Ligand SMILES: O=C(OCc1ccccc1)c1cn[nH]c1
């Protein structure tokens with residue numbers, strides 16, 4: 001089945017990049033179809049206005065609801081459909097996770113709504129929730145100028161999990177944040193040459209001793225995770241009992 005991806009943005013050219021690289025291949029072999037739209041196509045004034053001052057005062061501008069509503073009508077439709085996933089990247093969204101990417105990889109349709117300025121009139125999100133399955137997601141605790149870069153990141157995380165997309169599915173199994181690694185960070189990776197600028201591949205990895213190699217890798221994952229991501233380790237994880 002083909003996954004349809006739509007992007008609503010005042011900078012639709014951000015999504016030209018999806019025609020190349022891995023995603024381009026998916027688009028070519030019919031797994032994924034990509035449609036980027038300029039939100040200003042649903043404005044009617046000479047200046048193609050998409051923003052206005054915030055009600056209640058405050059700095060910056062807010063995206064008007066009208067263009068979003070008209071774009072939704074044309075792109076998605078006017079009938080409720082819970083199989084359509086509408087994503088609003090936002091600093092105030094729920095953290096986007098690999099499990100969310102996994103779930104979205106089976107969606108038939110995903111519509112990315114890329115906010116700019118200070119954000120989108122909240123009624124747009126409320127209206128979307130009344131019609132489709134809505135996800136307000138954050139990629140991290142930092143602010144971007146708009147949702148486009150976040151939409152590209154979410155797209156890549158999702159599309160690479162679509163069945164038939166990745167050439168080599170087992171390469172997905174061992175990755176960080178995939179169930180197989182039970183929530184640990186990935187161990188350090190090495191390839192040839194064995195000695196490079198005075199730096200050598202750890203001997204254990206050249207020993208051919210699979211048991212020792214597996215232990216070294218798990219120990220490294222535990223060490224890295226405890227060092228860098230204490231939030232990923234549950235209370236008694238890795239502490240020898
Ligand atoms: O900046 C972000 O989204 C773009 C955005 C949306 C609405 C208003 C301002 C900016 C973002 C940061 N982490 N995850 C997403």
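Residue numbers in this text run from 1 along the chain shown.
Using the three backbone atoms N, Cα and C, a Cβ is placed for every residue, glycine included.
Among 115, 164, only 115 appears in TrEMBL as part of the S-adenosyl-L-methionine site alongside 139, 140, 141, 142, 143, 144.
Look at the binding-site residues 139, 143, 144 and count other Cβ atoms within 10 Å of each Cβ; 143 has the fewest. Contacts of residue 140 (S-adenosyl-L-methionine binding site) defined by a Cβ separation under 8 A and a same-chain sequence distance of 6+ are given as 95, in order along the sequence. Close to residue 141 (S-adenosyl-L-methionine binding site) in the fold, though at least 6 residues off in sequence, lie 91, each with a CB less than 8 Å from its CB. Looking at 115, 142, the binding-site residues in this record, the fewest other C-beta atoms within 10 angstroms of the C-beta turn up around 142. Following the DSSP three-state reduction, the secondary structure of residue 144 (S-adenosyl-L-methionine binding site) is coil.
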